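Participant: If you look up TrEMBL, you'll see 33-66, 67-100, 135-168, 203-236 marked as repeat 'TPR'.
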Amino acid sequence: MGWLGKGLVLKSKKNYEEALVCFEKALVGWVYEEALVQKGAVLNSLERYKEATECLLKALEENKTNSRTWNYLGLSYRGSDQVQKAFESYDESIRLDKEFICPLYNKGTLFAELQRNDEAIACFKEVLRRNDAHLSSLNNLGLVYSSLNEPESSLEYLEKCLKVKPDFLHAWFNKGWVYKGLGLDLKALECFDVVIRIDGNFERAWMEKGILLERMERISEALSCYDRVLRINPKNMDAITRKANLTNLLEPPIQNGI
């Protein structure tokens with residue numbers, strides 16, 4: 001296996017620093033388009049967006065028709081807050097390969113981030129037209145509809161997501177969030193409990209569970225949740241503040257002497 005192959009294996013395992021070394025070695029002495037593309041992708045994963053952009057532009061000098069390169073370039077422009085260039089790169093990727101759904105999905109997430117919700121929905125629905133089991137699109141449609149205060153549509157897509165992958169914890173968390181917004185505290189609590197069963201260190205699920213229990217006046221249980229949050233992240237100021245407030249409520253008042 002050459003350096004490119006080793007790098008791809010390491011990249012698949014998310015060992016990005018080691019993968020980067022391999023791709024750089026694959027480039028020693030010659031220009032190798034695929035190694036440049038993969039190096040750019042890894043630099044994106046490491047949030048080194050300026051270097052990623054330079055690398056991917058160099059790859060495009062070798063081959064301007066590689067749709068994957070344009071998609072990765074869109075990600076690097078997005079990471080460096082060059083939104084218009086990101087959209088242009090995604091559009092070029094889509095133009096070159098209309099069956100490649102990654103740039104369409106990435107375009108949808110960028111629209112959602114910019115709160116251009118109708119355009120985001122259109123992108124995610126087009127992804128689902130091609131692949132109706134695309135988990136991230138189902139989950140993100142749930143999020144977008146939630147932000148539009150359309151809980152029924154939000155829950156519909158989150159349920160579809162969980163039908164495809166019953167242990168998809170982000171869909172469970174988002175479902176809990178929607179139920180919480182509807183005031184359905186027990187249903188929300190059930191969802192956050194599922195998240196915690198899947199990943200006991202999911203900080204936001206413990207936090208939301210604590211807030212719900214506090215709202216239900218189950219103070220001791222809420223305190224236990226905030227304690228768990230602080231074991232995961234000792235700097236969580238919301239948990240610190242809420243724990244202090246609840247602890248003060250539980251402490252008996254000081255009696256003045258006669």
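From the backbone N, Cα and C atoms, a Cβ is placed for every residue, glycine too.
It should be emphasised that the depicted structure is a prediction, and the values quoted were computed from it without experimental measurement.
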Participant: What does the DSSP secondary structure composition of the repeat 'TPR' (203-236) look like, as residue counts for helix, strand and coil?
Facilitator: 27 helix, 0 strand, 7 coil
Participant: Who are the chain neighbours of the repeat 'TPR' (203-236) in space, where the CB to CB distance is under 8 Å and they lie at least 6 residues beyond its ends?
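Facilitator: 169, 173, 176-177, 180, 185, 188-189, 192-193, 195-196, 242-243, 246-247, 249-250.
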Participant: Kindly report the helix/strand/coil residue split of the repeat 'TPR' (67-100) according to DSSP, in that order.
Facilitator: 27 helix, 0 strand, 7 coil
